[in-house]
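Working notes for the structure below.
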Amino acid sequence: MTEIDECESVPCLNGASCADQVNGYECHCLSGFSGVTCETEIDECASDPCVNGGTCTDHIAMFACDCPTLYTGVQCEGYIGCISNPCQNGATCLNEAHEYSCQCEGAYGVHCECENPVESSFG
């Protein structure tokens, strides 16, 4: 009895390699594909990988996040509120989880916008 090479008919799709077996074949899928013949493209956005309101776009074997304003990173995980330099009067801006804060020196207010009054000595 002659063994038939089931891979000869090229049953595997999307660039997959075929391994001939006794009475069958097995497809080895490239990253981003699944199924018996690698016919299904995996939706990398199905797991909802983008955070902080990012919008996911599926690509073969990868995804891309379109991040909202003030967020950055592969999954929109980084907050960049200090990028617009909101702190005044020489204050230091500190990025925190989902907000920023201003570390004032010689001023006060949310953005260190109010200068401390200069003390005068009369005498």
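The backbone N, Cα and C atoms fix where each Cβ goes, and this holds for glycine too.
As annotated by TrEMBL, domain 'EGF-like' applies to 3-39 (among others). Same-chain neighbours of the domain 'EGF-like' (3-39): 60-62, counting only residues six or more beyond its ends whose CB sits under 8 Å from a CB of the stretch.
A 10 Å cutoff on Cβ-Cβ distances gives CYS38 (disulfide bond) a total of 21 other Cβ atoms nearby, all chains included. Among the features that TrEMBL reports, disulfide bond is placed at CYS29-CYS38 (among others).
Per TrEMBL, domain 'EGF-like' is recorded for 41-77 (among others). With a threshold of 8 Å between CB atoms, the same-chain residues lying at least 6 positions outside the domain 'EGF-like' (41-77) that come near it are 14, 30-34, 83, 98.
Annotated disulfide bond per TrEMBL: CYS67-CYS76 (among others), in sequence order. Within the same chain, residues at least 6 positions away in sequence whose Cβ sits under 8 Å from that of CYS67 (disulfide bond) are CYS50, ASN52, GLY54, GLY73, CYS76.
As annotated by TrEMBL, domain 'EGF-like' applies to 78-113 (among others). DSSP states for the domain 'EGF-like' (78-113), grouped as helix (H, G, I), strand (E, B) and coil, give 4 helix, 12 strand, 20 coil.
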- What average pLDDT is reported by the model for the domain 'EGF-like' (78-113)? 90
- Message: Under 8 Å between C-beta atoms and at least six apart in sequence, can you list the same-chain neighbours of CYS29 (disulfide bond), or say none if there are none?
- Response: CYS12, ASN14, ALA16, GLY35, CYS38
